[in-house]
Structure formats: C-alpha cells, structure tokens
Amino acid sequence: MSWVSGFLVARADDHKTAWGERNGRKWRRKRGSTLWSTRYMSCLRDPEGADGPSQAVQTHPHGGTGAGGSNFSTRCVWQEDHYVGSRAVDLAFEDAESKRMKEDEEDGEGEEEEKRGLAARAILGCLRRLAHVFQSKQFRSAKLERLYQRYFFRLNQSSLTMLMGVLVLVCGVMLAFHCVHGHPDVAYASVLSVAMALFLVLMVVCNRNGFHQDYMWMVSYLVMAVLVVVQVFGVLMVSPRSASEGVWWSIFFVYIIYTLLPVRMRSAVLSGIVLSTIHLVTAWRLNLEDQFLWKQLCANGLVFLCTNIIGICTHYPAEVSQRQAFKETRGYIQARIHLQRENQQQERLLLSVLPRHVAMEMKAHINAKKEDMMFHKIYIQKHDNKEEKAMMAKMQRARANSTDGLMPRWVPDRSFPRTKDSKVFRQMVNPAQTHSHSALNPEDEVDEFLGRAIDARSIDQLRKDHVKKFLLTFQTPFLEKKYSKKVDDRFGGYVACTLLVFFFICFIQLTVFPHTTLMLGIFISIFVILANILFICAIYSCVKLFPTALQTVSKKIVESRVNSTLVGVFTLLLLFISAFSNMLTCEREGVIECVAEELNISESTVTLCVLHNLTHTAGDTLTLCPSQKTPCPFPEYFTYSVLLTLLACSVFLHISSIGKLALMLLIQLIFLLLLEWPLVDLYDNADLLVTANNIRPVFTSCSPYSHERMSKVSLKVMTPVILTVFVLALYLHAQQVESTARLDFLWKLQATEEKEEMEELQAYNRRLLHNILPKDVAAHFLARERRNDELYYQSCECVAVMFASISNFSEFYTELEANNEGVECLRLLNEIIADFDEIISEDQFKQLEKIKTIGSTYMAASGLNDSTYDREGRSHILALADYAMRLREQMKYINEHSFNNFQMKIGLNIGPVVAGVIGARKPQYDIWGNTVNVASRMDSTGVPDCIQVTTDLYHVLASKGYQLECRGLVKVKGKGEMTTYFLNSGPSSS
C-alpha cells in the first residue's frame, strides 16, 4: 500500500504543527554562553547537582529542549501566547465577558483557517505525489543512472527479443482479420507487412550479443513510432466501420508500451495518450452519422483511460522495486568495499604486530570449537639450529604468553563457517590483490566494481543455474523458501488498483448496456467486498490506528505470500464476475428470428438490406425488435471488460507467472464457453448490426437478389484469438517481472553474503587487534595512516597498575624429551594465562586492560581512558583490586586440579602514568612511569599468595571497606623503605 498511500494520503511531516516547530522545521532556542553546558560545569558543581541546570532548561517557558509528555499539554497555550500576545495588550481594559467572546471568535476563526490551510496543503501534497508517479524515475548521479540502465538493459534484452516476436504475431493477426473477407486495402496491408518485417529484423538484432544498450532506446522509440503508424492506418481502414472496432489492438499497444517496452514513464504516458487520442478522434470523424456514436466514444474513452491507469499501476511499482533493489545492492557492495578497505588497514596493522605466518595460523584456528580442544591453541615452532633453540624457546614463551592466552576471548559467540578455501580467506591471505583500486574515489570505486559485476553477469546463465525454466522457482529449496518470505508491502495498492478497474468496468457497462436490477445488485455486492478487502489490506500501512484483531488479519494477509496470492486471485475473480455477469441479462434471441417474427415473414427473407432499412426506421437505430426488453447491441464491450480484467492480473506483481497463467487461462476458458455456447447469438447479432449499418444503398423493398455478404470476421472467431494474444503477452510480462525480481533477489543475496563475509573477517581481525592493542589505540591507528616517526602517547592522571607473577615457574620449566622439549610446560602456562584472560573479559572487569605478559608475569591496568576512568567513585581501582583477588583464587583452583604448587605474588599501585605505542615496524602498547615501577617492586618484594599494595592504594581501598593489614617497612630498590599493606579480602557483606 505504500506506493499508493504515498500520494493518496498527505504525510503529516509535510505540515507539522507540533510545538517547537515552525513550518516543519524544528525551532530550537539558541543557546547562550557555553558555560552552561554539562562539560564545563562538571568541575564546578557537585555530582548530586549535575541534573539541575538541564532541568531548568527543560522547564524554561520558551525553550526547545524539553520533549516530555507533560510539555505537550501546554503546546496550545504557548502557541496562543505567541500569536495573540500583542492583541492581549489592546484588549487589556475590556470587560471579561466581551474579552471571552472575542477570544472564542478569534479561536474559532483561527481553527477554521488552520483547517483550511491543512486541507489545502493536503490537496497540494496529493497532487504533487500524483504528479510524481507520472515523472520518469532517475538517480541523481548520472553515472549511477547509466549503470542502472546497463543493468536494466541486461535484464530486458531477451524480453525485448520475445516482444518483437509477439508484435509480429499481432500484426499478422490484424493482417489476417483484414484480408479474410473482401478485397484488402493495399496501403494498410503494406503497412502491416512492413511492420512485421521490421519487427522480425529487430528481433534478430536484439538477440545478438553485440547489441549495445544505447541501441535499446533507439529500438524502443522506433517500435513506438511504428505502433503509432499502424494505429493510424488500422483505425482509418476499419471495414465495416464501427467506433468499437480497433479497440482491442489499441489496448494491446498501450499496455505493452507501459510494461514490455523499456521506456521511461513519461514516454509511456505520452504514447498512451497519443494512441488513445488517435483512435477516439478517428472513430469520431468516421462515424458521425451514427446516433449511438457518443455512447461508444464514452465507453472507448473509459476503456483507454483504464488501460493507461493499469499500465501506470504496473509500470510504477515495478520500476520503483527494481530501482530500490539495485540501490540496495549497490549499498551492500559499497559497504562490502568499505569493510574491505578497513580490513586492509586492520591487516596491515595486525601484520605489523605479528609475523604473517603466526597471524594466518591464528585466523585459521580462530573458529575452532572449545569443546573439541583439550587445550587452547599454542603457536610454537621448533628449529634444528641448537644455537637458536634457547632463543626461540624464550621468544615463543613470551609470544605464547602475550597472544595465545587471549584465545578464549577470540572464540566468537556464533560459529562462522569459513575455511581456508573461502574467497574471503584467500583475499585475507593475499591482500595485495585488492589494492589495485585503492587510489580511486570511494564512490567511483563502488561504481567501477558494480559496472564490472554487471558486465560479468550472464543473465541467461543465472537463470539456467539458479531458476527452473518454466516454473521460475529456484532450484535450491533454501533459496525458494527465503524468497517466499519476502513481504510485498504494496499489496494494498494492487487491491486499490483492482477496485479502480472495477469502477471503470461499471461505468463502461452502465454507459453501453441496459440497466437492470441484477446489474445493480452485482455491482454493489462486489464493491462492498472489494472495499472491505482494501480496507483490511490498507491497515498494514497504518497499523497502530486500528484494533488488534484487524491488525492481525492485515498482517497475516500481507506478510504471507500464500495468503496475499489467494486474496489477490479472489479479487481478480470478483472483477471477472463483474465483467461478464451482465451478459446473462441480455436478450439471447437471434435478431433474424426476432425480425421474422415481428414482420411475420420467413427467416430466409430477412437479409442484411432488410436489417439496414430497419435501422433507419428504428428510433435509436439499435432496437430492431421492440419485443426485446434488454438488447445488448455492443457485446464486444464485455470482451473489452474481460481484457481489462486480464490486464489487472499483471498489477499483482507478487503472484507467480505460472499462477497468473493458470488464472488467465481459467478466465479465458469460462468466457469462451459462455461466448461459444449459450450467448453465441449475442455476438452474431452484433456482427449483423454492424454489417447492416454499413450498407450504402438504401432499398425500399428487398428481393432475393439484394442479399449483401458479411464483410467482417465474426466476433465469435475474433474473440478467442484476441484473448489468446493477450494471455500470451501478459504471460511474457509476468515471466519478465518474476525473473527480474528473482534475479534481483539473488544478486542482493549474494552481495549481502559477501558483505557478511567481510564483516566476519573484520570481526576476526578486530578480535586479534583488540587483544594486542587496546580498543581506543587500535581505533586511533585504523582511523588514518601512521607514519613511522609518529609518536602516540596519552597521559593518565590516576591509573591502577597490577603485576602478578608465578614466582616458582622457572623451577617447573624443564626441557626434556618427556615434555616435548618444554612445550608441555609452556602449554600449561598458556592455560593459566588463558584463564586470567577469561576472567578479565568478564563484564565486571571491563574497566581493566591487559598490558602484556613478560615470561610468567601478568601485567594489567585500569583507568587508561575516559571510558574506564572513574574520577569520583574510583570504581576502576576497586575493579583491579577485585581482579587481583580473583587471580589469587584462580591460582588455588589451578593448583588443586593440576597437582602443582605454583606460588603467585601480586603487587598493586596507583598514580599517574604515560600510555603509548612504540615501534615503527612492530608497534607495542605499554605504560611507563614511577607508578609502574613501584607496582613492579610490589610484586618482586611481595610474599607468595599475597597481594601487596602501597600506602596510596591502601587509603582508597580502606575507605571503601576492603580488609587490609599492614606489613610494615619494606626496602624497595630505588625508593628506600616504604610502608606496604596486604589486601586480604573485599568489603564485608554486612
């Protein structure tokens, strides 16, 4: 419903009247001095009073910052103060009663003016949206528009070829109808023959691989010109003349221009108007002597107007959907390329920290499931050179400690099914291949990539590989199930268009056929049903305004492809019933039998000349038998009503092509059964009436020698052929729409999957980087290219630093064949570090940052950036103290389960530090300062299984209720004697 409601309903955003807005723009009070902002006042007031100024601002009578529900109730008061404040001064000395009366009058006038203004704006908005439908759609970027046209051409090349074949068939049918009786007109036959030959040539040209997209527009406009010429000659050469002749091919030409020719909306509308006008004007000039001419012309005008509206209702949503799908696909490609560029930056930064083979091995194992691994992955390589062995063991120990211990934090929350063979992994392994277009502008890079993707795509190959040929369903059940879940929110618009076609069919039949009670009852009943269906479907676009039960019904219809298809088929069947049901009220007696009975003569003596004379003696030139109460002299308009019903089938874009074909064949079969069996005399009477009306000589008496021959193809022969041609063209259009929608869906799905792959790769890189560098530091280096001589540092005023070391690990580590030359010792150390990392990854320790591991020493800190530093509550200091106690408990647990006796010493300190990254080739994040040195000394001079803290930290923790005991004076290298404390436990629960 969105595309219809877009211009049928004016949006509230276009005329907002809420307080704080003027003419749709938000009205904000200009702020005064910036000293009132929270940032500058935070250091000048207590934390408890932080909300004071903001509250004062919100309650300011003329402020624009408050948006609460209570302020909404005072909106009208504020507006009245604004608009009538000056008038209140003039009325200050009037009595209260007269003042109230005048104020009420002014309020009423103001409300009326406001309502008139709203109505005018609503009408103007509707007209603008209505005009927007007729405008040709075009992207703002000329380059993007050209890319879309290239893509559009690739999709429609094969359909254009089939269209030429259909046009050859239609011209052949017109030529056959013209030549089957009498002597054909040479000029008309020549025009049709030339048109057929031209369409055959164009069919061959369009099918060639070298056919360029620029030629598509030339071919389209050439076809339109040929159709105009055929229309002119066809209407002029109609024989026998009748205002209703040639309507069927006019409908066909108008419809295919809207739907099957790849032209813009404006061109389609203009050509539809031209073709319709040609037929109306020509029929008017050729049939001036007919007394019933205006009845036929009105009906023809309604038929042509309805055809143009159906064409618009089909062309507009199809083009909007296709452009939207193209734009979304480009957005996914743009996001993918942006992610690819970010991944390259991450890759460069990552490879500047870790060797390539180590980083690649980590990524290869990053998706390993934890339950499938007894230990965390450790990256160690053995070297045969004995002199290098000790050095490499030491390096691998440090590297294993500093990286492998982080593996639990790398394990993703969900499984990513990516292997070394995936294209993203190959791209990750060799990022140099993706740098060829790095110098391009991002938008140009996206457009270039999109252009190459369009050129590389083989539409026919995609159809062959993914879509079944006749049914147009995906070969893969997964894709078909996913496609079936697509929601077409324009379904209400399709029903609205069907209701509009129903109105036109009603007006056409009311204009041409006699009015009966059955006609009135059928039309009213079908209108009530269609209006209710439209109402229920329209609820989907404005759900919150209706009861829950109606919302549920609307959602079940629109959001289910099966339900919406069934409802769409039901509305089309109702439309078909309205198109043919009134045929049953028409007189079915043959005109020859009726005239013979009226004149009391034999049927053999009722010739065409007799009927011609009767048409001149009849009052309306139509009623040849006064005994017939409900004659239907123009039953071809029933056929045209059925044609409009068939065209309405194409409006429902979400119905499958095979479903539309089955429905159209059902409609054709039912109508032809009625036409060829019980109502055949109705069409025979119309043929006789048209032929008799065109006899030139007027006979006063008839004889056996004055018989005239039927000079036209009978309607009962023409109608099945016409319906077959329309069903074929509509099925071709349905195939084009569905295949285009499915290929757009497939391309969008592929672009989405590639984007998701890049996001997964980015997640892998980010996990690695965030476990090597802090998030804010990594973001700093990823935001821009770093120079080798650039220094990154940050001064931190109050940081808590921790050193935790396994003091007796060196005694545990030995290199023997039994423990794989020390690898098993390192594996156990890796498990210990990994456990520490799992603990620091918990949400309660999010203010902490692991700095590094040095051998068997674990270093962490808190309060290194604005997001983790708590100036007032000092929560970052408390978090590090809690973490230290957790490590102590974890070490006891490890000793119990590994049957070891590792002893851990932990030292804590607080104070200012300098954090930064050093190194050009291999940057490493670290912190420096006296605070760090003292924290290290707290560790080295500590006692096993104890947490030693400085006096400064003691004061902070003691004030928060932590349990500490004084150790006394400790001699510290470079500091002399210092009073230290042991942290025993946290605050008591009481």
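Cβ coordinates are placed from backbone N, Cα and C, and glycine is handled just like the others.
What TrEMBL says about a protein is an automatic prediction, not a curated fact.
The feature region 'Disordered' is assigned by TrEMBL to 47-69.
What TrEMBL lists as transmembrane segment is 160-180 (among others).
According to TrEMBL, the feature transmembrane segment maps to 186-206 (among others).
Annotation source TrEMBL lists transmembrane segment at 218-240 (among others).
Long-range Cβ contacts of the transmembrane segment (246-261) within its own chain (Cβ-Cβ under 8 Å, at least 6 residues beyond either end) map to 159-160, 163, 166-167, 170, 174, 220, 223-224, 227, 230-231, 234-235, 238, 268, 271-272, 275-276, 279, 283, 300, 303-304, 307-308, 310-312, 314-315, 318, 636, 639-640, 643-644, 647, 650, 722, 725-726, 729, 732-733, 736. Taken from TrEMBL, the feature transmembrane segment applies to 246-261 (among others).
Positions annotated as transmembrane segment by TrEMBL: 491-512 (among others). Long-range neighbours of the transmembrane segment (491-512) within the same chain, counting only residues 6 or more positions beyond its ends whose Cβ lies under 8 Å from a Cβ of the stretch, are 1-5, 8, 295-296, 298-299, 302-303, 305-306, 309-310, 313, 317, 519, 523, 526-527, 530-531, 533-534, 537-538, 540-541, 557-558, 564, 567-568, 571-572, 574-575, 578-579, 582, 634, 637-638, 640-641, 644-645, 647-648, 651-654.
With a cut-off of 8 Å between Cβ atoms, the residues of this chain six or more beyond the transmembrane segment (518-543) that come close are 1-2, 5, 489, 491-492, 495-496, 498-499, 502, 506, 509-510, 550-551, 553-555, 557-559, 567, 570-571, 574-575, 577-578, 581-582, 584-585. Among the features that TrEMBL reports, transmembrane segment is placed at 518-543 (among others).
Same-chain residues lying 6+ beyond the ends of the transmembrane segment (564-581) with a Cβ under 8 Å from its Cβ atoms: 488, 491, 494-495, 498, 501-502, 505-506, 518, 522-523, 526, 529-530, 533, 537, 557-558, 638, 641-642, 644-645, 648-649, 652, 654-656, 659, 663, 667, 670-671, 674. Look at TrEMBL and you will find 564-581 (among others) tagged as transmembrane segment.
If you look up TrEMBL, you'll see 637-655 (among others) marked as transmembrane segment. When Cβ-Cβ distances below 8 Å are used as the criterion, the transmembrane segment (637-655) is approached by residues 244, 247-248, 251, 255, 259, 299, 303, 306-307, 310, 313-314, 317-318, 321, 488, 490-491, 494, 497-498, 501, 504-505, 508-509, 512-513, 561, 564-565, 568-569, 572, 575-576, 578-580, 582-583, 663-664, 667-668, 671, 715, 719, 722-723, 726-727, 730, 733-734, 737, 741 of the same chain, each at least six residues removed from its ends.
Same-chain neighbours of the transmembrane segment (662-680): 569, 572, 576, 580, 583-584, 586, 588, 635, 639, 642, 645-646, 649, 655, 716, 719-720, 723-724, 727, 730-731, counting only residues six or more beyond its ends whose CB sits under 8 Å from a CB of the stretch. Feature annotation from TrEMBL assigns transmembrane segment to 662-680 (among others).
For 713-732 (among others), the entry in TrEMBL reads transmembrane segment. Here the transmembrane segment (713-732) has long-range neighbours at 159, 162-163, 166, 169-170, 173, 177, 180-181, 248, 252, 255-256, 260, 635-636, 639, 642-643, 646-647, 649-650, 657, 660-661, 664-665, 668, 671-672, 675-676, 680, 683-684, 686-687, meaning same-chain residues at least 6 beyond its ends whose C-beta is under 8 angstroms from one of its own.
The domain 'Guanylate cyclase' feature in TrEMBL is assigned to 800-939. Residue counts for the domain 'Guanylate cyclase' (800-939) under DSSP (helix as H, G, I; strand as E, B; rest coil) come to 59 helix, 40 strand, 41 coil.
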Chain residues in Cβ proximity to the transmembrane segment (160-180) (below 8 Å; excluding those fewer than six residues from its ends, i.e. six or more beyond): 188-189, 192-193, 195-196, 199-200, 202-203, 206-207, 216, 219-220, 223, 230, 234, 237, 239, 249, 252, 256, 260-262, 713, 718, 721-722, 725, 728-729, 732
Contacting positions for the transmembrane segment (218-240) when only residues 6+ beyond its ends and CB under 8 Å are counted: 160, 164, 167, 171, 174, 178, 182, 185, 187-188, 191-192, 195, 198-199, 202, 205-206, 246, 249-250, 253, 257, 261-263, 267, 271, 274-275, 278-279, 282-283, 286, 690-691, 693-694, 711-712
